[in-house]
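Copied over from TrEMBL, here are the features:
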type	residues	note
COMPBIAS	7-21	compositional bias 'Basic and acidic residues'
REGION	1-24	region 'Disordered'
TRANSMEM	47-69	transmembrane segment
TRANSMEM	123-140	transmembrane segment
TRANSMEM	146-167	transmembrane segment
TRANSMEM	188-210	transmembrane segment
TRANSMEM	216-233	transmembrane segment
TRANSMEM	272-293	transmembrane segment
TRANSMEM	305-324	transmembrane segment
TRANSMEM	336-358	transmembrane segment
TRANSMEM	404-429	transmembrane segment
TRANSMEM	441-461	transmembrane segment
Amino acid sequence: MEMEAEEHEKESLHPESENQKQKTPVKGVRDLLWTPINWFRMLSSELHWSFVVGVVIVYGISQGLSMGLSRISIQYYLKDDQKVQPSEAQVYFGIIQIPWIVKPFWGLLTDTLPVLGYRRKPYFVFAGLLGVISMLVLSLDKNLNLTMSLLALMAGSAGVAIADVTIDACVTQNSIRHPSLAGDMQSLCGLSSSVGALVGFSLSGFLVHLVGPKGVFGLLSIPPGLVILVGIMHRESRARNFAYKQVSVKLLDAGKVMWTTLKCGSVWRPCLYMYLSLALALNVREGMFYWYTDAKGGPSFSKEVVGSIFSIGAVGSLFGVLLYQNFLKSYPFRDVLFWTQLLYGASGMLDLVLVLRINLKFGLPDYLFVVIDEGVSVLIGRLKWMPLLVLSSKLCPAGIEGTFFALLMSIDHVGMLSSTWAGGLLLHILNITRTQFENLWMAILIRSLLRIVPIALLFLIPRSDPNLTILPSEMLRTKKANDVHEYETLEMSSLVNGT
């Protein structure tokens, strides 16, 4: 009896202990929900809310959502309306992406040529207007031939590229001012892009089925309209008494700084790796797309199913960003790239299993296997891409951040263009057409093996702490970070007031 009384007394002395156990799971869920909100608040506090909103709109809506909607729309437009072959579609997709290759030109403009005293605002507005006009032309002109369609698509791509390089300049500036937040900023960009792509791909198949590719092009005039809003609300100091006559001098100086930076071993080596790692991963996406929708040789997926498959890829991309942000961002670049490149090559073999119909022998339906394939492949691809983005943001010298980051990204796009056109050539050589897919397995095998080759080139990547700077200190000299006006006008100091 005495022991029972003592136990009862202990329980009465600590009545809250049982309640705490019950509240622990609730508190864990609450913390899980509040973590991303607090992260956004932290970024808004450190970097200003207009910057965070601008990244979300440009990366999440202008790029992510638009990419999700436009990719399937363009694929069906070329396949059903223009009746092109898979190898030709690969070439045309490469042509549409040419504005991304000339990103250094857009970067030079944003860094050296202010409009009405502003270096960022006008370019956001111009990019938005270009995108709105091009999408409306594609949507409203019912007799547009292939050449004019490609020009309109290139104009829309240019609008997205100009907005991208302008926001990239802002990201790079903040990466130099806040080096410890460089990974967070790239995660914000990747997160926004992945969520936007998820929404875009989820809706794309249904929208293409309901209103057709041209109807979707009309809807795609909305995202660039929001980019115009970014230009209006962007926080930027105005440069007064700007000496436009000296722009050519500034362009020449910027070119010299770029060349000097590129000659630095810690810069050209990663650039070479980034190009080769992308160029060697041959792109045979259009061959797979035509096979997906073929009624005889393929699984004959509908528009809605194709859109849902790509939406799973967007989920994989989102998880890739979260994995990198939470577990991998502190590991050396070379270590992360070794494992992701190896897994990237292995994941390519899943397409081989699908095309050879091996999955059916094990009782796995085509749709289920494709969903697994797409999610895993895109997740690994994002994990491989994230450290390269963070590394690129750390290779930019002060004064031409936007230009140099654009140069690095254009190198990446040249690599992707090489991959796309080489993949198109491979499809043509193997005689993979709108209705013939007998050799598609061979194209997939060659692509998957080539994905592993860049592992032998990892010596080009620095084995350094990703939280530390890579460039010499003299290339990173800036004004004090808390003096916004001085920092914003640093790049223009030789042109202001005629000096």
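Glycine is treated like the rest: Cβ placed from N, Cα and C.
It should be emphasised that the depicted structure is a prediction, and the values quoted were computed from it without experimental measurement.
Ranked by the number of CB pairs under 8 Å to the transmembrane segment (272-293), the listed stretches 47-69, 305-324, 336-358, 404-429 are led by 404-429.
Remote same-chain partners of the transmembrane segment (216-233), defined as residues 6 or more beyond its termini with a Cβ less than 8 Å from a stretch Cβ, comprise 50, 53-54, 57-58, 61-62, 65-66, 69-70, 73, 120-125, 127-132, 135-136, 138-140, 156, 159-160, 163, 167, 204, 207-208.
By the count of Cβ pairs under 8 Å, the stretch nearest in packing to the transmembrane segment (305-324) among 123-140, 146-167, 188-210, 336-358, 441-461 is 188-210. Nonlocal intrachain contacts for the transmembrane segment (336-358), taken as residues 6+ away from its ends with a CB within less than 8 angstroms of a stretch CB, comprise 277, 281, 288, 291, 324, 328, 366, 369-370, 372-373, 376-377, 380-381, 383-384, 387-388, 437, 440-441, 444-445, 447-449, 451-452, 454-455, 458, 461. If one looks beyond the transmembrane segment (188-210) by at least 6 residues along the same chain, the residues whose Cβ comes under 8 Å of a Cβ in the stretch are 43, 52, 55-56, 59-61, 63-73, 76, 171, 216, 219, 302-308, 310-311, 313-315, 317-318, 320-322, 324-325, 382, 385-386, 389.
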